[in-house]
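**Student:** What Swiss-Prot records for Gly147, Gly148, Ala149, Gly150, Val151, Gly152, Lys153, Thr154 is ATP binding site, and it gives sequence analysis as the kind of evidence.
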Amino acid sequence: MNGKIVQIIGPVIDVEFKGADLPKIYDALKVDELDLTLEVQQQVGDNVVRAIAMGSSDGLKRGMAVSNTGEAISVPVGKPTLGRIFDVLGNPIDNAGPVESEEKMTIHRPAPAFDELAASQELLETGVKVIDLICPFAKGGKVGLFGGAGVGKTVNMMELIRNIAIEHSGYSVFAGVGERTREGNDFYYEMEESGVLDKVALVYGQMNEPPGNRLRVALTGLTMAEYFRDEGRDILFFVDNIYRYTLAGTEVSALLGRMPSAVGYQPTLSQEMGQIQERITSTKTGSITSIQAVYVPADDLTDPAPATTFAHLDATVVLNRSIAETGIYPAIDPLDSTSRQLDPLVVGSEHYDTARGVQETLQRYKELKDIIAILGMDELSEEDRSLVARARKMQRFFSQPYFVAKVFTGEDGRYVPLKETLRGFKMIISGELDDIPEQAFMYAGDIDEVLEKAKKYKD
């Protein structure tokens, strides 16, 4: 079934199909002369469909022949995808030959039915102190890493992948949505070096790609993850960055002539976000644990894009620029970050009480900061002074050397088990470590390392 191009406006292509059945919404069309795929978005009348190009529209001209494939974009799935890099159409882009995959699946699929869903209470240990204590992850849950430009979303994401993918021996899928090509390259070699590349499928649609690619690349990665889940596996699904998915949707929406809504976003923002997020879920067959980086424009968490994402997550890890400015990394805010798992019935009363004790101390310190700035420490009561000292130790103990940052810091990373994290913070809260200098807590792993550092300072 052939049609011809009648209008080209950037990545938006109008195709006329005379006297034939019109392609369905989301059908893939092929411009054979240029090997370009288009995806149908609208039927505009007079036998014309409006499609978005999944690649550059350079070289297209009116009158070119277009064929209808009769189905949505399909991508390879299953074990042959592991260790390979794909583009949005499922073509390998790592110069390692074709993918020998028997099976292909369309990227547009319905979310699992309500009665197929399964909730999990099992915790997923990450080895990062602040996350395991304050906003623990659930196996099969959804986590968002929120942060502005340059506060460490990608580094935190890479550290979590390294820690979880190495400790958890299952398969992972990584979708690079609208991020820098350099980061994708670094990530590939990082995976290769740590020996987990043969368990990861990578799908990239970088910043330089047209909006159609960036809008659909997350669905390509998700389709690969869903296939593994439906085989009965526990899958890790990483998205960096879900905001770029929203942004690509905004661009496509404007190109298709829809009226923008708040702050210029597409009117279908929450529906598009819901469509992808409802598919990232765990069923009775298998689980998808998803970690998504979310860029926060101008550090404003009330912006419609991050605000819409919040509603879908089980845990939110909020990165704070003011913490990064004090030189404490990871710059995760223990007062802003939340998790549904931080419940005494899930994590146990010891963990819950320790986490809340830490948050209370830090909150009180935050309230006292204004008084300290105006009057100085001397005006505080003895009790408040010791509370401030403990809070500062907690802030520094939250810092931690990362494995993936070794190239920058020259220091080996630390994986801190949850029980060690709890032991350390309980000792700080109880006042056992009041005589240890606060610099000993900076970039230490567990509490034993802090005590060793303190000994060196004394000597």
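Any Cβ shown, glycine's included, is placed from N, Cα and C.
So where do these features actually land, and what's packed around them?
**Tutor:** If you draw a 10 Å sphere around the CB of Val151 (ATP binding site), it holds 24 other CB atoms from the protein chains shown.
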**Student:** Within 8 Å of the Cβ centre of Gly147, Gly148, Ala149, Gly150, Val151, Gly152, Lys153, Thr154, which other residues of the chain have their Cβ, at the recorded ATP site?
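**Tutor:** Here the nearby residues are Tyr295, Leu319.
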**Student:** Which three-state DSSP class does Gly147 (ATP binding site) fall into?
**Tutor:** strand
**Student:** For a quick check of understanding: among the binding-site residues Gly147, Gly148, Gly150, Gly152, which residue's Cβ has the most other Cβ atoms within 10 Å?
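**Tutor:** Ranked by Cβ atoms within 10 Å, first place goes to Gly147.
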**Student:** Below 8 Å Cβ to Cβ and six or more residues apart, same chain only. Which residues does that give for Thr154 (ATP binding site)?
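**Tutor:** In sequence order, the residues whose Cβ lies under 8 Å from that of Thr154 (ATP binding site) (at least 6 apart) are Glu179, Glu183, Asp240, Ala293.
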**Student:** Tell me which of the binding-site residues Ala149, Lys153 sits in the most Cβ-dense spot, judged by other Cβ atoms within 10 Å.
**Tutor:** Lys153
